[in-house]
Amino acid sequence: MKLESQFLSFLYSRGYCSQCTNISMLDQLMSQQCVHAYIGFDCTAKSLHVGSLIQVMILRHLQKFGHKPIILLGDGTTKIGDPSGKDKSRAMLSASEIEENALGIYEVLKKFIVFGDGPHDALLVRNAEWLNGLNYIEFLRDIGKHFSVNNMLTFDSVRLRLEREQNLSFLEFNYMLLQSYDFVELNRRYNCLLQIGGSDQWGNIVSGVELGRKLRLPELFGLTTNLLLTSSGEKMGKTAQGAVWLDGNMYSPVDYWQYFRNVKDEDVGRFLRLFTELSLNEIRNLELLQGHEINESKKILATEATRICHGEEIAQSVANDALKVFECNDDSGLSVFYVKKYDVELGLPIIKLLQMCEMEKSSSSARRLINDKGCKINDVVVLDMNYKLSLKDFYNTSYVKLSCGKKRHLKVMLESDF
């Protein structure tokens, strides 16, 4: 169908959307008025990572097309844990940990969208405002009566855990009710009509839409995004070294740029649509590049994604430094990792060094790297698993260049012992 709403047309043309409830009516509404829409994030970490970047970009586009983004921080629901897409229960967090995580997520989101009091400015809300004071008996009577356990057992978040005979606590089973109730409260308090989430949230979102109908609220809508997978079927946002955080203090802009520069050829066009603001015509032209030229598309993807997350100045600086390192053999822009001189004098095992500097996550992955001839010291391939970094490696130089594959490099420097 032809969409009238600029926002929905944009989302569908870029490949964001998976499913939507009553899309014809939602399209009509969004083409005629400013719609208040929300996306929720539980406070399980101090930052969001690339796995949440689709949702963050949608918030940015909502604002750009004249709608009002509402960000719901689940400081209340984090105390329970969402079972969607999870194989096991999450560890319980303390109130202080949840608060610290909420503040960190807010700082990340401020880089992507504008918060304020204007009609299209983003609004930050916490669901502890209404969940912490709930009376359990009243909640069961007024809200719980509208939910069928039979239906709840059919949703993937519940069904898959039960089929695998994995524990699903009663606490987690209640998460769907609380997320549905969040939608109702956001409508009552902030006139929110649309909830957006990942495809694994479809059951919870539809339950919220249905709860609104049973409580005779204005029609509510739900929209889910496609699951963010690479062409090889892996979830986005993780590397061998850990999560790709959107907080520059937890994952450096240099590494962020490199993450997108190193995506597979098959993913470049899709990621340009999802994670940059280049026009579709520009993206189509970049998709025409083949062979070695596709690296130019990857550099543009990396620089544009870094610009949105970390700012124009940092993105250009990182891109220029990368050009020096990888195309001009200039090591000046490499990150530095310090090792104690005493350890090097004794002989620092290469397996240990690779883990210390987080180039590899485990000794087994470090061994695989060496076995595949992917580890280099000063551009010389390391062939010996038992190789030890020594002072001889620092002869006539202030640093040792450590390389893992063609695209990961850093400078190892000596730190004086105190």
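The backbone N, Cα and C atoms fix where each Cβ goes, and this holds for glycine too.
These features come from Swiss-Prot:
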type	residues	note
BINDING	Tyr38, Tyr175, Gln179	L-tyrosine binding site
MOTIF	43-52	motif ''HIGH' region'
MOTIF	235-239	motif ''KMSKS' region'
BINDING	Lys238	ATP binding site
DOMAIN	348-413	domain 'S4 RNA-binding'
Across all chains shown, how many C-beta atoms besides its own are within 10 angstroms of the C-beta of Gln179 (L-tyrosine binding site)?
27
Count the Cβ atoms, other than its own, that fall within 10 Å of the Cβ of Tyr175 (L-tyrosine binding site), considering every protein chain shown.
21
Residues with Cβ closer than 8 Å to the Cβ of Tyr38 (L-tyrosine binding site), same chain and 6+ apart in sequence?
Pro69, Ile70, Ile71, Leu72, Val125, Phe183, Leu186, Cys192, Leu194, Gln195, Ile196
Secondary structure content, the motif ''HIGH' region' (43-52) (per DSSP, counts of residues):
3 helix, 1 strand, 6 coil
For the domain 'S4 RNA-binding' (348-413), jot down how many residues DSSP puts in helix, in strand and in coil.
20 helix, 21 strand, 25 coil
By the DSSP assignment reduced to helix, strand and coil, which category contains Gln179 (L-tyrosine binding site)?
helix
